[in-house]
Amino acid sequence: MKTEIKIIRSEKSWIESSAIEQLIKVAELEGVVQAVGMPDLHPGKTPVGASFVTNNIVYPHLIGNDIGCGMTLFSTAVNKKKFKTSKIIEKLKKLDSLESINIDDLRDETEYTFKNKLGTIGGGNHFAEFQEINEIYNEKAMKDMNLEKDKIMLLVHSGSRSFGEFILRKFIDEYSCQNGLKTDSEAFQAYMKDHNEAINFAKLNRELVAYRLMQYLKMNNYFEVINSQHNSLTVKKVNGENLYIHRKGAAPADEGYVVVAGSRGSNSYIVEPIGEPKDFAYSIAHGAGRKWSRFSCKERLEGLYSKKDIRLNNLNYSVICKDKNLIYQEAPEAYKNIERVIEDMVEANMIKLVASFKPLITYKV
């Protein structure tokens, strides 16, 4: 069977040739029947912003070491008029780290090997961000989610921390999983068991990040709105046949509303997947996608901005981050335009817009 290869983009979109080459290379692997690059496609160890469908074989290395990485959106009971951004910023700056907020009793209820990592954000592009609703496009959808326009939101982006790394390393060392695991093998069953634990671990991790922040800021009245992971392996039965959906930096198109995050300092969106999910490997884009490599960011930006400038931008919001290099690596300029990504998906009949959110405070400690 010939593999279907598709990249969702318009003429205005820019995607690195190396990312496209990576996508094509993965499409040539045994058992891959569909390879779809999202508008935020960019190169990594394997292509990021992509979804691959296989039959009879899976490739854990395509998911990577941060199994279950995703985003959880929470709505608080705090009215945006009462959310004093400057005071919250000053209070968060006084917090050495989230780990100083004790959650041992909650961790002890779990049996995870890496439970000491629960409730931590991690590095890279992970964050906890307070946001306000900027624009509503679908009032009914907002009502369905019990969202009110004047309430402050919290978006947490994090994953399975060291747990996912441990799982991938184990299956590379013991089973050479980068060469594929046949779905009728014991190795596949063992991987899926560990994978699903990591998915649950990552979700709980995001919940505990939110819990820590809310406890510290005394914003204890809040609820979960949306949770979706963008590094995952999903088994989907279609016409009596099991298909295996590998998502790396891609969100599910068949599980309801999704948050598509902007780069630091730009809007994020709630969207509703539409159309035929199978046409897009059952996935949509998860965010803006990198434009520059992490290693080149400081060199590109250090002469243009002071560290203070790069912490504050034209949306008048603040980033709290003690890692100076990370400030540069996660600068808005390092990412693609989120509006372009959203427009490409709308034009492809993949999504409908529900709402946009404006960042207020990004916490990355």
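Using the three backbone atoms N, Cα and C, a Cβ is placed for every residue, glycine included.
Lifted from TrEMBL, the feature list:
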- N125, H126, F127, A128, E129, H230, N231, S268, H286, G287, A288, G289, K364: GMP binding site (BINDING)
- H126: Mn(2+) 1 binding site (BINDING)
- H157, H230: Mn(2+) 2 binding site (BINDING)
- H286: active site, GMP-histidine intermediate (ACT_SITE)
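Restricting the binding-site residues H230, N231, H286, A288, K364 to those with a CA within 10 Å of the CA of H126 (Mn(2+) 1 binding site) leaves K364, listed by sequence position.
It is 15 Å from the Cα atom of H230 (Mn(2+) 2 binding site) to that of F127 (GMP binding site). In this structure, the binding-site residues H126, H230 were compared by how many other Cβ atoms lie within 10 Å of their Cβ, and the smallest count belongs to H126.
Neighbour counts of Cβ atoms within 10 Å were taken for the binding-site residues N125, N231; the minimum is at N125. Under DSSP, H157 (Mn(2+) 2 binding site) is assigned to a strand (E or B) in the three-state scheme. If you measure from the Cα atom of K364 (GMP binding site) to that of H157 (Mn(2+) 2 binding site), you get 10 Å. Around the Cβ of H286 (GMP binding site), 29 further Cβ atoms fall within 10 Å across all displayed protein chains. Cα separation, N125 (GMP binding site) to H157 (Mn(2+) 2 binding site), rounded: 8 Å. For F127 (GMP binding site), the Cβ neighbour count at a 10 Å cut-off comes to 25, with all displayed protein chains included. Classification of A288 (GMP binding site) by DSSP places it in coil, neither helical nor stranded. In space, F127 is the closest of the binding-site residues F127, E129, N231, H286, A288 to H157 (Mn(2+) 2 binding site), judged by Cα positions. For the binding-site residues given as H157, K364, the lowest number of other CB atoms within 10 Å of the residue's CB is seen at K364.
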